[in-house]
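**Student:** Sharing the feature lines straight out of TrEMBL:
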type	residues	note
ACT_SITE	54	active site, nucleophile
BINDING	120	substrate binding site
DOMAIN	169-288	domain 'Pseudouridine synthase I TruA alpha/beta'
């Protein structure tokens with residue numbers, strides 16, 4: 001499935017009700033309601049999600065598995081029918097959610113447990129001629145964006161790309177990332193050591209030809225931070241991006257990042273802020289093709 005998370009309270013449901021009238025503003029709830037209405041499974045539909053994304057976070061590809069019992073005995077749903085019927089209900093109700101594909105999987109398969117890796121992108125806009133105000137955590141430069149990019153990326157002033165690249169190199173590989181996470185009370189004993197397999201800054205151009213011809217946007221540079229690991233701590237991606245941008249904007253020094261890695265701390269004083277959710281996209285979840 002893919003979705004624009006701006007108007008949702010995250011992907012994971014907040015209520016436990018299974019009936020089709022239950023609504024809690026989450027992506028999971030919207031999909032389950034659409035499946036119940038479009039498919040009429042005997043025992044309803046409950047998704048098991050591969051990855052949890054917070055309110056406002058988007059996804060190009062997220063995954064979930066679900067057991068569905070057809071109302072006709074000894075009958076299986078066709079995967080294409082599941083996709084089409086669910087998408088029809090989602091579209092009728094104005095949801096920014098698309099089911100990309102449905103597949104039959106073995107009974108032991110679980111989209112979270114069997115995931116081999118996850119990759120994210122954080123999309124960023126930098127206004128070259130606009131300094132960052134050190135008296136504020138982040139400037140609100142949202143109005144400088146073309147409307148097509150509002151709630152699709154995070155915008156800042158000038159950033160030092162050399163410093164950002166040095167910070168990226170420091171964060172690659174295996175580290176204790178406690179300083180770059182929000183403590184999840186439900187998983188307080190979880191290991192905070194993670195291996196960042198990929199961390200790369202790429203310049204991109206998401207504007208249309210019409211927008212590129214508008215001089216109002218000629219001073220905006222767009223970037224994507226690509227991040228890949230087997231798994232991540234709660235809020236780790238956004239807090240890592242925050243640290244990288246803080247270095248690029250002069251709010252933190254590279255020595256601060258080194259200390260955050262060498263002396264991990266759940267409540268590190270330098271990690272009190274977090275970039276907004278609007279720039280974060282879950283790109284892909286990797287599985288063994290067999």
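Backbone N, Cα and C atoms are what each Cβ position is placed from, and that goes for glycine too.
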**Student:** Helix, strand, coil residue numbers for the domain 'Pseudouridine synthase I TruA alpha/beta' (169-288) per DSSP?
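**Tutor:** Summed over the domain 'Pseudouridine synthase I TruA alpha/beta' (169-288), the classes give 44 helix, 33 strand, 43 coil.
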**Student:** Express the predicted model's confidence over the domain 'Pseudouridine synthase I TruA alpha/beta' (169-288) as a mean pLDDT, rounded to an integer.
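**Tutor:** In the predicted model, the domain 'Pseudouridine synthase I TruA alpha/beta' (169-288) has a mean pLDDT of 89.
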**Student:** Around residue 120 (substrate binding site), how many other C-beta atoms are within 10 angstroms of its C-beta?
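**Tutor:** 26, counting other Cβ atoms within 10 Å of residue 120 (substrate binding site).
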**Student:** For residue 54 (active site, nucleophile), write down the residues of its own chain that are at least 6 apart in sequence and whose Cβ falls under 8 Å from its Cβ; none is a fine answer.
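**Tutor:** Listed in sequence order: 5, 10, 235, 277.
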